[in-house]
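Everything on this sheet refers to the single structure shown next.
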Amino acid sequence: MNIFIPYAKTDTMKRVGNQPVKVQKKSKADDEARDPIQVYCRIRPVSSYVESPCIKVVSDTELQVYCPPDERGISKEGQFTYKKIFTDYETQEVVFQDLGLPLIEQLLLGKSSLIFAYGISGSGKSYTMTGNQEDGGIVGRCFDVIFNSIRDYQARRFTFKPDKLNGFDVFSMEDAMIFKAEDFKNNVRNPPKTPKRKDGETDRIPFDYKIIDIEQDVAYSVFISYVEIYHNYVYDLLEDVSDGEIRRNSKIIREDATGNMYVHGVNEQEVYNADEAFDWLKKGQLRKRTAPTFLNMDSSRSHTVFTIRVVQAPLDTDGVNIIQDKKYTVVSQLSLVDLAGSERAGKAKTTGQRLQEAGEINKSLSNLKQCLKILYENQSSSNLRNIAEKIPYRTSRLTHLFKSFFEGSGSIRMLICINPLSDYAELLPVLQFGEMSGSVQVKRMTPLRMDLGLTPGRRKVVDIQSVNRIPCVLEENTRGQMEKKKSYDVKENCFSNYLNLGPPLPELVGDDLLDEEKRQELIIALDQRIKKKDELREILINQSNDIRSQLVFLETNFAGAKQEINSLQILRDQDTNKIKQYQNKALLLENEMVSLKRKLESLDSENKRLKSDLNAKENMLNQVSVDKDLLKQKYNTKIVKKQEQLSRDFKDKWKIQENEFEAKLQEKKRKLRHIKNIVESTESIPGHFSRRPVKRTLSDESLNKLEPVVNDAKPTDFKANEQSETVLRHLRSRRSKSCDPHERWIEHKPPVPTPLQTIMQPKMKKRKSVTKLTDAKTVSNNGASKYCLLTQGSNEQGIPEAKLYKADIIQTMGGGAQVVFNDVETLKQDSPLGGSPVKSRIQAYNNEVRAHGGDTDDVQAKCYGIQGGYTPVSRK
């Protein structure tokens, strides 16, 4: 394994023994320190027989681009400078060592970083970021370096869990084991789906690099997330959905308590090794939106952001457990952004949905250029005295997500990928944007260094003292194991001394066996050993029986203890569930209480507003009532004066009309006397013919007075020569009773009605008279129940008459009205003699004269006399 040693040693978390916790404040110089955005350029490899038409690498940092001469012989050139230029023969490993490896070192030290891969479509951005199985890209090599470096310092799984607010909660070893058991149950019920390996796909080749200069007295955990920005909406690529399901729920971007932007509700997966992280990366890539175009068979149609977050928490004084105080947790992230390539519709030959996607991609990239351009202009020397222009981060989700990086929450690096086969017009904007981005300076990030007052190197001390220590910082204390091992060694030495079989056997050679004394010594020693062996066998049997009885006792105790532990675990699980339920219930009640408080505050404010409105309206009503009383008093005085004036005028008019009526009455009396004289003069006519009696009636002015009727005697009665008698006829007002006084009528009559002066005319008390019925609302919205249509004309005899068509108004369900005709009333005025009384008398008299051959002049004179007209001269 290769070991990477950083170029310059960076500051680590300094700790001084037996000192209180201190937070070192940033100096003013650190606040003002800025670093430029480091821009790198990579040229995509092409075939050896194809020459680059417009790109030439001048040095490691300079690049020259030129345009071939056109028809007029004019050519354009441009030279651009970057941090470093990777030519087409430099491998992925070289690119990662210069571009990504220093950022991994910063990541493990608590600093955040951001990498942009920018270029036109088909320039090699996705290959540089992800690579393939044999030759990994920046993302896969980051996994290898991170886990190679923190392998011995990783925390247990589920020690850190996201709090959904861009932070992490720290849990104890017991809680972590509970979470692990729950996760195991979920995986057994619903096994996770791993991406299937394609045919011919080989195993991934790991990248053997390791950073050794990291903090050892902390515990590390790694979390990853993978999102894409499609049509300016953020989608989670690691969301738990079935294969082929369309992700409809977009995520929103929020700002946490420290001012950093994050994707709310994104799925953050804790990974324990590089292979697990790479599997999640492949799962996200299968869900990434890609489509073939004319320029690229696998063109990205969205911006993808792969985020690696490293969580660090210091160890306690013993160097074994993690300090669970959340304020000592350090979270750093590395965001690897693969921007979708800008493309021209004419060259990529995109239509329909692909064309819309290209438009959204170009729009977001344009907003990124605009933000960096405004940053550059605000920082330029010519703009120091002017007001800084506001940067439109929120116009695009891409710039809104990385707003905190542009404002100094981490370092930024950009990789410009270019295709040598592209045209000069396509390369020039990309190279200019890269050079301009290199001039933008970002505030330097200084991580918060906390001095906990703990002894450095406490983990290493524990590692030396422990035996068979598992590389995890959340295991039980190992001091008891060391004491047990020492006591076991002492017992073993004592037991070996106790198991000695007696004195050693005498040393004998071949000739000593012939000596009797030597043989006796050997026999005595062997007898002692045999005796000692029997004693040891008896002791061994006794001890084995004791051990067996102790084992039985321990087994019974173990079974009871195990059963008790199981019952205690069940009770603890029940208590834990109850606690969780109570916590959830308390949380719900707190939320409900907060909502009720807000509702109460809103109701109080609404009540105050309504009270103020009520007071204002009461004041207005009081003012209106006062004004009304004043106006009423004013109009009452006016009405009294008007009534007095009208009464005076009426009396004057009444006197005038009374005088006129008296004059007319005298004139009529004079005429009647004249008619009487004419009638009396007719009696002197010879009696060879008879006259029929003629009734006299007054005109319409004298209807309300008594009408004298003159009945002439029949021819047989003339002999008696009796006076004509006068008959009085009393007129009575008899109205039509077809109208109910409680009903409401709509009287529809002609504009100029002919006065009939009939006593049978219906009397409608509650009525509304109309001359033209042009709007249906006149019938439906007046609350009327009856309808009357008046028509006027003449009958066959020429006598004027009127017809009243009566109907009921029925309200309909739709809000209208229906008119149903049910009665017709005819009004006309007839003479008792049939027709006009004067004409009837004249016609009768003329008939008699013709019948008896009377003189025509006398008939005319008598007719004129009857009519009360002028008496001709021939009558003398």
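Glycine too: its Cβ is placed from the backbone N, Cα and C atoms.
The feature domain 'Kinesin motor' is assigned by TrEMBL to 36-440.
Its own atom aside, the Cβ of SER126 (ATP binding site) has 24 Cβ atoms within 10 angstroms in the protein chains shown. What TrEMBL lists as ATP binding site is GLY119, ILE120, SER121, GLY122, SER123, GLY124, LYS125, SER126.
According to TrEMBL, the coiled coil annotation covers 565-678.
The region 'Disordered' annotation in TrEMBL covers 733-756.
The compositional bias 'Basic and acidic residues' feature in TrEMBL is assigned to 737-750.
Counting other CB atoms no more than 10 Å from each candidate's CB, the binding-site residues GLY119, GLY122, GLY124 peak at GLY119. All protein chains included, SER123 (ATP binding site) registers 28 other Cβ atoms within 10 Å of its own Cβ.
Shown in sequence order, ALA117, TYR118, GLY119, SER300, ASP338, LEU339, GLY341, LEU415, CYS417 are the residues of the chain, 6+ apart in sequence, with a C-beta less than 8 angstroms from the C-beta of LYS125 (ATP binding site). In the shown protein chains, 24 other C-beta atoms lie within 10 A of the C-beta of SER121 (ATP binding site).
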